[in-house]
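These come from Swiss-Prot:
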{"type": "BINDING", "residues": "H83, H182", "note": "heme b b562 binding site"}
{"type": "BINDING", "residues": "H97, H196", "note": "heme b b566 binding site"}
{"type": "BINDING", "residues": "H201", "note": "ubiquinone binding site"}
{"type": "TRANSMEM", "residues": "33-53", "note": "transmembrane segment"}
{"type": "TRANSMEM", "residues": "77-98", "note": "transmembrane segment"}
{"type": "TRANSMEM", "residues": "113-133", "note": "transmembrane segment"}
{"type": "TRANSMEM", "residues": "178-198", "note": "transmembrane segment"}
{"type": "TRANSMEM", "residues": "226-246", "note": "transmembrane segment"}
{"type": "TRANSMEM", "residues": "288-308", "note": "transmembrane segment"}
{"type": "TRANSMEM", "residues": "320-340", "note": "transmembrane segment"}
{"type": "TRANSMEM", "residues": "347-367", "note": "transmembrane segment"}
Amino acid sequence: MINIRKTHPLMKIVNNAFIDLPXPSNISSWWNFGSLLGICLILQILTGLFLAMHYTSDTMTAFSSVAHICRDVNYGWIIRYMHANGASMFFICLFMHVGRGLYYGSYTFLETWNVGVILLFATMATAFMGYVLPWGQMSFWGATVITNLLSAIPYIGTDLVEWIWGGFSVDKATLTRFFAFHFILPFVIAALAMVHLLFLHETGSNNPTGISSDADKIPFHPYYTIKDILGAMLLILTLTLLVLFTPDLLGDPDNYTPANPLNTPPHIKPEWYFLFAYAILRSIPNKLGGVLALVLSILILMLVPFLHTSKQRSMMFRPISQCMFWILVADLLTLTWIGGQPVENPYMIIGQLASIMYFLIILVMMPVASTIENNLLKW
């Protein structure tokens, strides 16, 4: 009898994606982050669902409903902090996953890469709206500042902002719709993740060498299932340590003050995973210019496949490109640091230089480095 997993209409889909899938024999731990992102998403949807059972999306009660979850609901505090810190773990995995794609040339799978960039945008939008829900000071002012950026769009800007707000300022209507969107978007992300996998399985995985691995494939199960379980255990361990020992390490103390439209916090800043983009936004004195730079800082990822000038796919055997990549990583860390600092010298000038460097590395230095390497190899 033929195995049921290969014949059953539903089970054969799972089988072809997670069991009998032929995978390269040499993919490293950098290939674990895809499955970790899946785990993060499931965890966020589950914890979010339980939070939504007790949360109220009204300006008068939102803050106290979160306090109620932490104080009165059975294990509410752990659910709340797993959700908040789970978002941080999600973004750590996302940045690692994108970095892996950049380093090993996985962006040459065009459809997979572009769906991935859309996933990144969707996740950032979801996280932003989630940050508004506790209705603390940073929630309110973060929402005000970021939604206000849309007013920089010529002609329709002001109308667009008021349409998103549902009034003339961030208020009850804004909070209610943000809750609605924050609830629905993770399911959109889950659907997009399936499309992402669908496109990936059309081509098969890349590997560290960037060379075709068709001649040497191994089944996904048991080799990569056991490897993914190890990654998952490390992820859950890290998250548990964060939640149980320092749950507020990555949060902002200002968000423990209820939202007050009459009192602006001294330093308005988003969560740590948006600081690099926030630094790029602030480094341009012009409002529209800043908004464009902010969007382009992520959208530029879609250009990367067209800027690939090397005759090799991966950076594994390209030392000059490796240097460029790690300079880019250092630059992003610098931008993250600057995004959390006040707008004054020397931070302003450092932020401006780091922003210029960011675009310069991706648009100019990396393609030039690749061309130099091609010439060194006499290709």
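Placement of Cβ uses the backbone N, Cα and C atoms for every residue, glycine included.
Long-range contacts of the transmembrane segment (347-367) within its own chain (CB-CB distance under 8 A, at least 6 residues past either end) are made by residues 279-280, 282-284, 293, 296-297, 300, 303-304, 307-309, 321, 324-325, 327-328, 331-332, 334-335, 338-339, 341.
In this structure, the binding-site residues under consideration are H83, H97, H182, H196, H201, and the one with the smallest number of other Cβ atoms within 10 Å of its Cβ is H201. On the backbone, the CA of H196 (heme b b566 binding site) and the CA of H83 (heme b b562 binding site) stand 24 Å apart. Contact between the transmembrane segment (178-198) and the transmembrane segment (226-246) is not supported: fewer than 3 Cβ pairs lie under 8 Å, counting only residues 6 or more apart in sequence. Between the transmembrane segment (226-246) and the stretches 77-98, 288-308, 320-340, Cβ pairs under 8 Å are most numerous for 77-98.
Separation of the C-alpha atoms of H201 (ubiquinone binding site) and H83 (heme b b562 binding site): 30 Å, rounded to the nearest whole number.
A contact links the transmembrane segment (288-308) to the transmembrane segment (113-133), because at least 3 Cβ pairs that are 6 or more residues apart lie under 8 A. Tertiary neighbourhood of the transmembrane segment (33-53): same-chain residues 69, 79-80, 82-83, 86-87, 89-90, 93-94, 96-97, 100, 182-183, 186-187, 189-190, 193, 228, 231-232, 235-236, selected by CB-CB distance under 8 Å and a gap of 6+ residues from either end.
Listed as Cβ neighbours of the transmembrane segment (113-133) (distance under 8 Å, sequence separation of 6 or more from its ends, same chain) are residues 55, 57, 62, 66, 87, 90-91, 94, 97-98, 101, 106-107, 139-140, 142-143, 146, 174-175, 178-179, 181-182, 185-186, 188-189, 192-193, 195-196, 199, 270-271, 273-274, 298-299, 301-302, 304-305.
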